[in-house]
Amino acid sequence: MNQIQVFISGLILLLPGAVESHTAVQGLAGHPVTLPCIYSTHLGGIVPMCWGLGECRHSYCIRSLIWTNGYTVTHQRNSLYQLKGNISEGNVSLTIENTVVGDGGPYCCVVEIPGAFHFVDYMLEVKPEISTSPPTRPTATGRPTTISTRSTHVPTSTRVSTSTSPTPAHTETYKPEATTFYPDQTTAEVTETLPDTPADWHNTVTSSDDPWDDNTEVIPPQKPQKNLNKGFYVGISIAALLILMLLSTMVITRYVVMKRKSESLSFVAFPISKIGASPKKVVERTRCEDQVYIIEDTPYPEEES
């Protein structure tokens, strides 16, 4: 069978270049595909050749995939395109590894036989791989099923007291939405647990209208009022302390000013009194001297001539 294919391929290559040939080849995605191209080295010798994409009779492997010099590969576009035959013996069949659907299209083999170029055209069609394994996704059968959910709040503290507030009791009803799905009939129960309740919480509100919905809510005590009163007293104490400090400063300042003023007045009075006494002493001294003079003139009477 292989000899017949080689013989037919050789006849196709020996046809004149003007005669067009078009061979259809089919492949499966994910598997290698081989496009045969064999020429006789006894007729024209070992010659260069190339593989190209598209119709390359008029473009001569412009979109080249592989070039050979007749002995080895000189250019390779991608490792997916390989020549696995004996190149020097004329077996230049192209093998495309791991094909995909996008690899489909025209391919051409060009052999540079002296005096003329010979072409072999192929139209490759790659079909997608058909999976034979059974589907892993189960099919949903049966009638629609409704899941009913029930919320249960379980407080961890056992201490419960009733507030004396005249406000009416608060009732809370939890009604979850129903969800419908189709696999199997199941009923799910959802339980929610509240966090730990502090020991200083006193007010509780309990709703028991529905036996399925038993929700207990804990309300913290009203402590902000106590904190507000404490802050008010602290503010008053600070204000009183500031006023007392201000009054003390004013009294001390007034005392210092009055003391300095009294000292300055006593210092000025002393020189004035001292200056006022001096003229009196001078007058008395002058009078005393006059009297002395009078006494001195009296003991010596004038002699009569």
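Just so it is clear, glycine is given a Cβ too, placed from its N, Cα and C backbone atoms.
Swiss-Prot lists a disulfide bond between Cys109 and one candidate from Cys37, Cys50; that candidate is Cys37.
When the candidates Cys56, Cys61 are compared with Swiss-Prot, only one is recorded as disulfide-bonded to Cys50, and it is Cys61. Among Cys56, Cys288, the cysteine that Swiss-Prot records as disulfide-bonded to Cys108 is Cys56. Its Cβ placed at the centre, Cys50 (disulfide bond) has 20 other Cβ atoms within 10 Å. In the predicted model, residues of the topological domain 'Extracellular' (22-231) average a pLDDT of 70. Neighbour counts were taken as the number of other C-beta atoms within 10 angstroms of each residue's C-beta; across the disulfide-bonded residues Cys37, Cys61, the minimum falls on Cys61.
For the pair Cys108 (disulfide bond) and Cys61 (disulfide bond), the C-alpha distance works out to 8 angstrom.
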